[in-house]
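Record features, source TrEMBL:
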type	residues	note
DNA_BIND	A:26-65	DNA-binding region
BINDING	A:100, A:101, A:102, A:103, A:104, A:105	NAD(+) binding site
DOMAIN	A:89-190	domain 'CoA-binding'
REGION	A:233-253	region 'Disordered'
DNA sequence: CAATCTTTGTGCACGCGTTCACAAAGACAT
DNA sequence: ATGTCTTTGTGAACGCGTGCACAAAGATTG
């Protein structure tokens, strides 16, 4: 639908690739740790190891931001912390609302990671009237009826959805209608939003299923290896129950 | 295509691209919803819309699993649910342990998404002796000292880490040492694991920072536009005030 | 000041994933 | 049975991200 209409270059304003943007927070975290230990400079090799990435990738990532390193020395930690923070927009204050104060929503409200860097929980919103006024993480929960007013009064542009799946799209529509343009979705649903609104999803169930796939594959390979060599299962495969009984079909060449 | 052997869909356990695997849970969710509505068949176009992806991508994804569709008709919902479930390893039971029963860990334990498909919370583990024995989500919390025994007794191969960042690597090492080969990490740290162990991370802070980046970029573009056109900044994003105008997800044919 | 050493920044090639576009396959109507 | 219509399955082209390998840049030493 509407393909080829307004060609919108996603990350064209600065030309920073999306993959790079996704790694910047990782670098920032590693750099912050170094900064707290008063380390003045760091090489791409060291920093890459701390962030769990390839050093060439890290250097290329930084090259998109500019030339902030010194050859023969490395990168100035403090300077880089500042540059990345600025690039990510963390030098300003981001008021955030959390909608859906159940188990997960409450946990998110209590999570320290919010306040740490530029993000501030401006309001908690729930549809349950019984929750209204009740403080969670020191913040009184407000009712969904006031959602639009809360968004506008606080200048909120980032919303977190932690409602049940059934309510997510409706909440999303109201958030977007009230001016929110970035949404972090914890509900297990695909949200549809108009152009210009960013959605990122965090889905426990999906992550587990991906792990299960690889786990099954590992178990299958392991079973086939011991089958092929006629070896009994070694220490590792203590739980190779195959209730499925289905041996993956891999044709030996 | 591929090997002419009708032996079986040759590209089974091997050769499924990672990107495809990551989308299978999405398809499965959409298909399950259709199944509950007793929809017998679905076209790639409809299913793709429901899953929020491109229809060509969906067809290619399914082609890696085998030829499960009927040209001119579409895909049989029930059959596809079964095939994807099997491929993802959801036909078997996956006992899972959650380590770190703080706000987040407790929320995860209560999360319904676990029990729904093949995953079962086998144990909750925390380092705080005061927590020991206390039930969370109907499951008594056990102490970290017994971690290895718990893993082995329950045949656990998937672990969830919801501890503070400082404890994550240590917990990870013990999990891996006890036989866990898949880890879902909620702690804001890079975990290092030996080969053969899969780690997926869920990091609220990183997601927010990525959103902030795009948010800042949008604000910058908007400011530049209104600057260029000499327009005063109006109520943010007010151009698109169609709150209910857009029908979500399912498109009428 | 010149030589050497360290580390950055990047051109290039490669592989993966996405998308297009269309022939083949099957359902359905006549 | 034949033709038409719908939808799949996939070859091919393209673009993005990754990693190698190395020249350039600057620090450091004698």
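Note: Cβ is positioned from N, Cα and C throughout, glycine not excepted.
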Proximal but sequence-remote residues of the same chain as residue A:102 (NAD(+) binding site) (Cβ under 8 Å, at least 6 apart): A:126, A:162, A:163, A:164
Summary of DSSP states over the domain 'CoA-binding' (A:89-190), given as helix, strand and coil counts: 40 helix, 29 strand, 33 coil
DSSP-assigned states of the DNA-binding region (A:26-65) in counts, ordered helix, strand, coil: 30 helix, 2 strand, 8 coil
Local confidence of the DNA-binding region (A:26-65) - pLDDT mean: 98
